[in-house]
Amino acid sequence: MSTGGTFPEQTHVTRLYDRLDELRAQARTRLDAVLATTGLGHQGLMERDVTAAELSRRAALLDSVENGLCFGRLDMLAPGPDSGPDSGPDSGAESARWIGRIGMLDGAGDFEPLLIDWRAPAARPFYVATAREPEGVRRRRHIRTSGRRVTGVLDEDFDGAAEPFGDAALLAAVTEARTGRMNDIVATVQAEQDAVIRAGHRGILVVQGGPGTGKTAVALHRAAYLLYTRRERLARSAVLVVGPNPTFLRYIGEVLPSLGETGVLLATVDQLYPGVTADVAEPPGTAEVKGRLAMAEVIAAAVRERQRVPAEPWPVAHDGESITLDPDVMARARALAREAGLPHNQARSVFRARALDGLAGRAAARFGADVLDGGSLLTDLDLATIRDELAAEPAVLAALDELWPALTPQRLLADLWSSPGRLAAAAPGLTEEERALLLRPGGHRGWSAADIPLLDEAAELLGVDEDARRGAEEAAAAERAEALALAQEALDIAYGSRTSDVDAEDEEAETLGVFDLVDAERLAERHAAVDHRTAVERAAADRTWAFGHVVVDEAQELSPMAWRVLMRRCPARSMTVVGDIAQTGERGGAASWERVLAPHVGSRWVTAELTVNYRLPAEIAAVADGVLRHIDPGRRAPRAVRASSVAPWHAAVAPGELARAAARLAGEERALVPGGTVAVLAPEPLAAAVSRWAPDGVEVLDPRRAKGLEFDAVVVADPAGIVAGSPRGLNDLYVCLTRPTRRLGVLHTGALPEALNGTGLVPREV
Ligand SMILES: Nc1ncnc2c1ncn2[C@@H]1O[C@H](COP(=O)(O)OP(=O)(O)OP(=O)(O)O)[C@@H](O)[C@H]1O
């Protein structure tokens, strides 16, 4: 890369920033003007707020693309018809295409494209042109900037005059020190990644790739690409990005905003049930059972169990006497209610109606039987009167509610986990030990992550509680009536306090007062809350939201029950699923994509594979590959894109010294990667012990929380403990070994685990 001095590109880049400033100023001026508008009707106010929100978003977008606004230039083989006689490669003439984060047109006169959005078809050659297939490109130039200054350029010529530099821009990008937050890769997306980002497939696209192949980066860029190409639809329906834990979501949280995209909700699966926070930890075995597909049937059975029929005739006080709820009448009412095919809470009214019919019929038969022929002496009207009387009897209604109660998902699940009898009835297919894992004998203490998909399942089967909904509607109506009364009061005061000039009917009497312009209803409406939330904000608060596209990262970790939640959130089944089966750590996680997806979409999904590792230097990749061979000898390891000439090390210490030594060595590593990030990865409880000793700036994580993250230097402590720590311990070790971008050390007690022998780890004394 040539650096230093002033680059010819500076002129155009300066023009681009000038244009960006101009667009920002325009957006702000329009926003100010819109906000200053007054005297609008209710409709006008709503429209004003929508326009203001849109303009604020536009202003925010223009701010977000400040860094690295332009990062590339393509000089095409055939200059465009407008190019002037001096349109040489450095002249910045019209034949050049400037590639950047957003598209911008020249504001003056002809509206020529000044900058092409990286997602536009015209930008594609920047990512896919090769010496063999130049795609009409004569030269590709990577432009590096710092602030608004061009600090370096790197060229690849495709006209045979010079050897292309190939991956130099990429190598510069992947060797940079890490900041602890993931960066976008928009300037250096590689051809195999570009194919995934721009894939036209509308259904489920699975991106399988080893660690460091850019799956996360590619998935996020694909989200940005889809928001660009399907803006109309996705702006309304929003895109959901699912990650394994909040630390990971924080790590990736800046990528999409830096690409100017905010229409995306980042969430873990357990954050997808608004109003419930999963804050209770539970053993992995319990989570595994709760994540099984069979739990869908358990929840369905638990709901059915709550639709009861009395075992014996049940006498209920009625009008000073007693009315009997006969099992056969109740059984028939239950059967009819179930047949209605409604969710439990909605079907309650069917049950109640049919039960009252049955009870009225039974009562009529008893009281009105003709002694001569056994027929009924009662008319239909009599029957209806009896039914109405029963329906007005609180004791009868209470009894029917007990047989078919209104239920919330929380109530259903809390009752299920606290009752061995209920659990045995709903989950006969589980063993006694498995059921014991589910029981919470001490009562309800909150929700775990694995409970959330079960609550979601229950919510689907229960539906909304109609009584509660009616209550909420009535409360809303009462609120509105109150607003109306207040508005009327305000108008009365305004009328009462109008000027005496108006009373005097002189010229001033023509002045319009507030009471002339609005009536109470309109005034109340004006004060009613208008929903200004963006699609993402509304989606986050709505359990039943249907997202236009869902990106699932670290998808191998999700349980079958979690997959059901995601499928419900995406009825269109437009998904990008990225992960690596070899990294599956959760007991309930995926062993194959086929098994995960077949229950939902059969064979209607396609796969793409990423094969190049951008994170690990070859020396560290060799260590990880050794472990991968033990996990699955048939699996191909991704090819490392670079070597570092720094050998990964291992050292043995006495068991009692492990925690302190790991912390000390991590401190030493920190000095070797100035400005970079360092982590100790260790199984619990060792990780907690290391945390106590770890110097500032060193993160300490267990393998689970290290998923998807990366650090400049990593010390893996107690590899044997990691392997022994879970049924998929080798996968966990593989995850740990594949986190560093520059340096790896392995600290162990006793001998190295077999999978690490002969992998190139160099012994050292510590
Ligand atoms: N084309 C690229 N240009 C520059 N950097 C890249 C490119 N592709 C990937 N990277 C970098 O490589 C690193 C690994 O990428 P990423 O985290 O997306 O990989 P991954 O496949 O999701 O890994 P894992 O399976 O371990 O979570 C990141 O720092 C990312 O920015």
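Including glycine, each Cβ sits where the backbone N, Cα and C put it.
Caution: TrEMBL annotation is automatic and unverified by curators.
Annotated domain 'UvrD-like helicase ATP-binding' per TrEMBL: 188-617, in sequence order. Here TrEMBL flags G209, G210, P211, G212, T213, G214, K215, T216 as ATP binding site.
Proximity of the binding-site residues (G210, G212, T213, K215) to ligand 1: a Cβ under 6 Å from the molecule is found for G212, T213, K215.
Around the Cβ of G209 (ATP binding site), the same chain contributes K215, V578, D580, E609, L610, T611, P638, each under 8 angstroms and 6 or more positions distant in sequence.
Annotated ATP site G209, G210, P211, G212, T213, G214, K215, T216; additional same-chain residues within 8 Å of its Cβ mean position, judged by their own Cβ, are D580, L610, N613, Y614, R615, P638. Within 10 Å of the C-beta of P211 (ATP binding site) we count 24 further C-beta atoms, all protein chains included. A helical conformation is recorded for T216 (ATP binding site) in the three-state DSSP classification. With a 10 A radius on its CB, G210 (ATP binding site) counts 27 other CB atoms from all the protein chains. Here T213 (ATP binding site) comes close to L610, T611, V612, N613, Y614, P638: these same-chain residues lie at least six apart in sequence, with C-beta atoms under 8 angstroms from its C-beta. G209 (ATP binding site) falls within a strand when secondary structure is assigned with DSSP.
When Cβ atoms from all protein chains are considered, those within 10 Å of G212 (ATP binding site) total 27, not counting its own.
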